[in-house]
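A short write-up of the structure that comes next.
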Amino acid sequence: MQKLSVTMETSCCRMDDGMKIQLVSAIHLQEVELQDKPADKQQGSDKADQTFTVEDAVETIGFGRFHILLFVIMGSSNIVEAMEIMLLAVVSPEIRCEWRLDDWQVALVSTMVFLGFMVCGVLGGYVADRYGRWKVVFGGFIWSAYFSLLTSFAPSYGWFIFLRSMVGCGVAGVSQGFVLKTEFIPAKHRAFLLPLATIFWMTGSMLIIILGMLVVPTLGWRWMIRISVTPSVVLIFLFKFIPESARYNVSAGNVDAAVQTLQRIARMNRSSLPPGRLVEPAVTERGSWRTLLNSSFRRTSILLWYSWFVASFSYYGSVLSSSELLEKNLLCVTNPDREHQVKHRHEDGLCYCIPFAFDDYQTLLISCLGEIALVPLNIGLLNIFGRKMSLTVLQLIAAIFFMLINICTTMFGFTVLLFLLRSLVSMNFNVVYIYTAEVYPTSARSLGMGFCTSFSRIGGMIAPFIAQVLMSRSVFLALSPFSVACLLCALGNFLLPIETRGRALLVRNASPSTF
């Protein structure tokens, strides 16, 4: 019994010692935790204090799969726009023949399309800055596809020009897709990716010419228009994969939507957002024309409006001039074949029905290839010399080539001249698009683009009356205004006060010293 008692006392002492050791360990662990917690809170506090902007997020995420999807879908919108505009050059001989139209009536068709574009360009820009880019572009797809389809059922010339003006209004909305696309692309990739969008415009131009070549001689121009609506219908369904601009959402105060969009892009690109939280103050004055004419942007806006006027004037002047020269056989060709000896204007009156020959379609196709032939040169100019100098050089050379069209040469020589001219005016149009999207702040970017595209459509409205009406009387007099306009525009581009190469996109208005 005594032995058992001693054993129990020893066990109790050991248990007490073990409990003491556990108790001391627990107290020590608690002290360590208490010491660590302030540090953890400090780290969490530092992380919470970190902030980033949309520009930081776009640059951090970088280029990836989302941008490829964006490039393909939004680039395809250029296919739709090009098909609707180039359709005018292909369908002109057919409606002239069907409704016995004079030159001014054919020119009025193009003018009405650009009138619709001009009116809805400013309206679309305002709506895009106030209510979002996505809604305007998507609505433009539906609007242009619907009225383009109705055009194919036009019973008369009056209905035809009215419906085409409605198509122009829809295309104005589609053109806002360039702003939406630009706002997602990192700064160092814009000079490379945005010029490549010319490929899609060229594709649309070539598609409508090929449709004209295959469908018009057999089924007629009405079926050509119906088939040409197909890309718009396809894009309506694909456009759901493109989100609203994060820059717009932030400017509208919808930060949560912007974060969700940026997180989605980061996941697709297998990247991540910068540490911290997205912080940018909302912009109360969005879509205000006063921003375009304040002290920071007044000179830029005025010069840009003229630059856009000339960009459209010269581009559509080259397109419609080539169509008229081929249709009416007005070229000074040293080796004309029998088809090119048939003239539009005779002593007895006008010959209304001179359809495009296969060679004419072929020449138009080759000239369309000129729109991408010099894209590598365009990218080099943008990255080495910047936007301003690129615009200046391109307009100067275009002025020279407009006058070279007057010389007598072979059909092959004319095709080469037309090829190079289309390259130059297309490159210029592309650069002025890029510059405009980069120079204005997010609060007025779409409105600025809308104003610029509206001024460009004034050039598009005037171009048909020179290229399609004056051309019948004098090729030299018709081409001279395009050359002079390009020359003056080159001087204006040189005087632009802001260079945007490598510059981050502005969120709101900045003081002149920023530049």
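Each Cβ is built from the backbone N, Cα and C atoms, and glycine gets one as well.
Over in TrEMBL, the protein carries these features:
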type     : residues : note
DOMAIN   : 70-501   : domain 'Major facilitator superfamily (MFS) profile'
TRANSMEM : 68-92    : transmembrane segment
TRANSMEM : 104-127  : transmembrane segment
TRANSMEM : 134-153  : transmembrane segment
TRANSMEM : 159-180  : transmembrane segment
TRANSMEM : 192-217  : transmembrane segment
TRANSMEM : 223-242  : transmembrane segment
TRANSMEM : 302-321  : transmembrane segment
TRANSMEM : 364-384  : transmembrane segment
TRANSMEM : 396-421  : transmembrane segment
TRANSMEM : 475-496  : transmembrane segment
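With a cut-off of 8 Å between Cβ atoms, the residues of this chain six or more beyond the transmembrane segment (364-384) that come close are 89-90, 191-192, 195-196, 198-199, 201-202, 205-206, 209-210, 322-323, 326, 356, 390, 393-394, 415, 418-424, 426-427, 430-431, 434, 501. The recorded stretches the transmembrane segment (223-242) and the transmembrane segment (134-153) share 3+ CB pairs below 8 A when only pairs 6 or more apart in sequence are counted, and are therefore in contact. Between the transmembrane segment (192-217) and the listed ranges 68-92, 104-127, 134-153, 159-180, 396-421, the one holding the most Cβ pairs under 8 Å is 68-92.
Counting Cβ pairs under 8 Å to the transmembrane segment (302-321), the top-ranked stretch among 104-127, 134-153, 396-421, 475-496 is 475-496. For the transmembrane segment (396-421), the list of distant contacts is 314, 317-318, 321-322, 325, 331-335, 340, 359, 363, 366-367, 369-370, 373, 428, 475-476, 479-480, 482-484, 486-487, 490: same-chain residues at least six beyond its ends, Cβ to Cβ under 8 Å.
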